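Taken from Swiss-Prot, the feature active site, proton acceptor covers 43, 70. The active site, proton donor annotation in Swiss-Prot covers 191 and is backed by sequence analysis. The feature 3-amino-2-oxopropyl phosphate binding site is assigned by Swiss-Prot to 7, 18, 192, 213, 214, with sequence analysis given as support. Taken from Swiss-Prot, the feature 1-deoxy-D-xylulose 5-phosphate binding site covers 9, 10, 45, 50, 100, and the record attributes it to sequence analysis. The site 'Transition state stabilizer' feature in Swiss-Prot is assigned to 151; the stated evidence is sequence analysis.
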């Protein structure tokens, strides 16, 4: 049965908007775990626009399930990760001008650097996942890099405007899951998923984890974080 990894980046986004100490992503993570999330995801960006080093350090000590650190494959971030040692690191592409991660990692085009980062992280006892588009080339390159897992970028599926386009993207995700499992990679999925578009994905065998943030935090503003997390967990676990 798939698990929910709750991304608390947007809690930090609200905090940073005023430069204060509230709301605290550490508190949000604890509420999320109590509500059924089986992992906490944060993205420590190079520009520190939301999650701060302090958040990572405290969450490493307080998260009771699994801490998943999203990060760029840079020497600085690899060094931080090897020092903090979260249970998992997910390597993602990063551009300073983007509002959020816009696409999958180009593993094929940056194989040497990603392999080097993956090796360093795995030597530190960290599970390594690569955030990739659902293409054969990127998934095979992910296996070649030595990664333990892939997180399928579901953004195109989430943004599809027609039924035909949605079916096309869903088919690509289904094939990506099949290939990932065939290659021995653990398969996760995330980006743009909400309480409606996740339903077709929960019926696909082979996905072990959904990483979701924006839609849950958005709903939490209306119904509270505990309820928002529980509702998503119920959808993911439905028979």
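Including glycine, each Cβ sits where the backbone N, Cα and C put it.
Taking Cα separation as the measure, residue 10 (1-deoxy-D-xylulose 5-phosphate binding site) is nearest to 214 of the recorded positions 18, 43, 70, 151, 214. In this view, the densest Cβ surroundings among the binding-site residues 18, 50 belong to 50, judged by other Cβ atoms lying within 10 Å. Spread of the 3-amino-2-oxopropyl phosphate binding residues is 26 Å (greatest Cα-Cα distance among 7, 18, 192, 213, 214). The closest partner of residue 50 (1-deoxy-D-xylulose 5-phosphate binding site) among the recorded positions, by CA position, is 43; the full candidate set was 7, 43, 70, 213, 214. Near residue 213 (3-amino-2-oxopropyl phosphate binding site), with the C-alpha within 10 Å of its C-alpha, lie none of the recorded positions 43, 45, 151. Neighbour count (other Cβ atoms within 10 Å of the Cβ, all protein chains): 21 for residue 9 (1-deoxy-D-xylulose 5-phosphate binding site).
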